[in-house]
Amino acid sequence: MTVPTALLRPGRTRTLAAFGLATVLLLLAPAVLSPFRLDLLAKFLCLAMVAVGIGLAWGRGGLLTLGQGVYFGLGGYLMAMHLKLADAGPGGVPDFMLLYGTGQVPGWWEPLRSPVAAIGLILLVPAVVAGLLGWAVFTRRVRGAYFAILSQALAAAFAILLIGQQQTTGGTNGLNGFRAFFGYDLADPANKQMLYLIAAAVLLVMIAVVRGLTASRFGELLVAVRDQEDRVRFLGYDPALVKVVAYVVAAVMAAVGGALFVPVVGIISPADVGVVPSIGFLIGVAIGGRATLLGPVLGSIAVSWAQTSISEQFPSGWIYFQGALFILVVAFLPGGLASVTGLLPRRRSAPAHDDGGTGTEPGTGLAAEGNRA
Amino acid sequence: MTDTPSTGQRAELARPHAAPEKRGTPDDRPGTPAAGPAPRATPPGLAGADALLGTDTTRFRHDYLEVRGLRVEFDGFVAVRDVDLTVTQGDLRFLIGPNGAGKTTLIDAVTGLVRATGSAAFGGSELLGRTTHRIARAGVGRTFQTASVFEELTVLQNLDIAAGARRRPLTLLRRRTTTPPAVEQALETVGLTAQRDLPAGVLAHGQKQWLEIGMLLVQDAHLLLLDEPVAGMTQAEREETGQLLRRIGSQRVVVVVEHDMEFLRSFADSVTVMHQGRVLAEGTVAEVQNDPAVVEVYLGTPAEPAGDVPAGTVPAGTVPADAAPADAAPADAATREGEPR
């Protein structure tokens, strides 16, 4: 009981310290890691962005989003389309369209020629899709496993749609072979390093946003909706609206992760957006600890890193390892690895400790202490 | 000489008391040192309640709940039929009846949780057909049989959420920096000031129910529908709750579903008895107790399944001596009945 409460309102100094540490570590990475490893880390950070959003929607809001691949894919494909058009030059046609398509750029690709429009659409399209879908689903009180199945079916449908539209989406191959990112040559290691720093900065901003939301009244309301949806309704709130907001935020974060994933990795294909990657996003969050702030991020990065290193050693062993890890965590650590700290014997000082968060009521901690004595 | 049957009826009416008494043990959790064992130290500040209730009474001064021809049907089973009910401000109304009489369903219908036909109006506006959260915004608040508070959130956060349904989105996205005055008052009224930063999940059962009443107060509900508000409370807590409800009832429209007959006799202004989905009787406590139809329902007829009496209890005829709860003082109750309202 103390762990979630303590994490609802962590002390400000502790949070700042954690942020400082994370920033230093992320800034040190380029100096320590080889360009290849740094590229991998940048990719992990992009995947972790999806995890941050899932941590909010699932950990805080109880929305088991098994289809974040859809939003990751929307962001990724929009970015990839822009990069393809930019590579082709003004009025040019992307190479794969000449191979498989009519040799004409379809009308719905055209707005993405402008970099500003591309960035705007990367944020807007997932938000609108998630908003409409969320509204339709949550006002009909679809929840729990039904919502999970629905979102997963959506991810499957999205992947199938992409595969079927080879002339305009590249089909199974996806979109790849990007040469430049907003004018910067992607073959240049310095630019790759810049991409890494952008990803690190964006991730930190996202964590800060989720922390702000969690500590806000909205964050409290979200937890209330997760635990007692009907009670919230009887207080005069529309829980569907609260859920939609959390879902949209998670969707936009997934989309931004997808958009940065494209220049970092150099390819986006249906294999990155379907059911399997959608579940993969969730596993990192579950292992790290979904209800905590940093659990999803660290869990996601750790799982990505383990996947890479284990796959290097045992090319087909990862999938078994991943399954076993997931089962172990769900069975023995439902709160994720982050809850391990709560199991260790430590100062039990929940109320007094919490006061660092607001600092409005200096007497409260003492009162609680006195009550306990 | 009429005394003997009347006592018998009272004892019969007191039978359902056995049910709440059974789960009377407060839901203490020994592992939580701060809240569990410590009884609520502060008695509820009725002055605080006054301050809370004192705001904005003129707007709803003449409001009343008016239910006409209400009917609720679940797949062919009619849970509530042709119910007419009028409750005015200043009339602390108790709703009683055996299990399955439709009391909770009636509340569910008024608050939009189940679909119903007929009419239920409060403050001149129709409630049926509106969504639950809009009904809540129209000033209707309710509690549930099982105290439903947000267990992972603190007492303060619970009350703050209850106070905030009309907050603007930008306010919601900000952190709570100060405690709203209404929340502060409610904390005092329900005697949970010392527990304000504890997660609501560690509170004792009675405290959770107090918290729920506090949430209704800060929610600014003007029609309060309370489903067994004193279940699991100690005698002293019941007394405090009753006083508070009476205080609230003078300024708001209050309907209480309750099985505790001692509590009912002490605090009800009027009683509506429901049976098999219909209103069986309505009137003062004395009137209802002397109503032959009510007596028959509570004595139990062959058609009436066990009702509120838990399975395995003694047969109806022997109940009076056995089932009268230890804390129910018939003499005391009798004098209370005589009191002018």
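Every residue number used here counts from 1 along the chain in the order it is shown.
Any Cβ shown, glycine's included, is placed from N, Cα and C.
The feature transmembrane segment, as given by TrEMBL for the ranges A:64-90, A:280-306, sits at A:280-306. Residues 2-3, 280, 283, 285-292, 294-295, 298-299, 303, 306-307, 310-311 of the same chain lie 6 or more positions beyond the ends of the transmembrane segment (A:318-344) yet place their CB under 8 Å from a CB of it.
Beyond the transmembrane segment (A:144-163), the same-chain residues lying 6 or more positions past its ends with a Cβ under 8 Å from any Cβ of the stretch are 63-70, 73, 77, 133, 137, 169-172, 174, 270-271, 273-275, 278-279.
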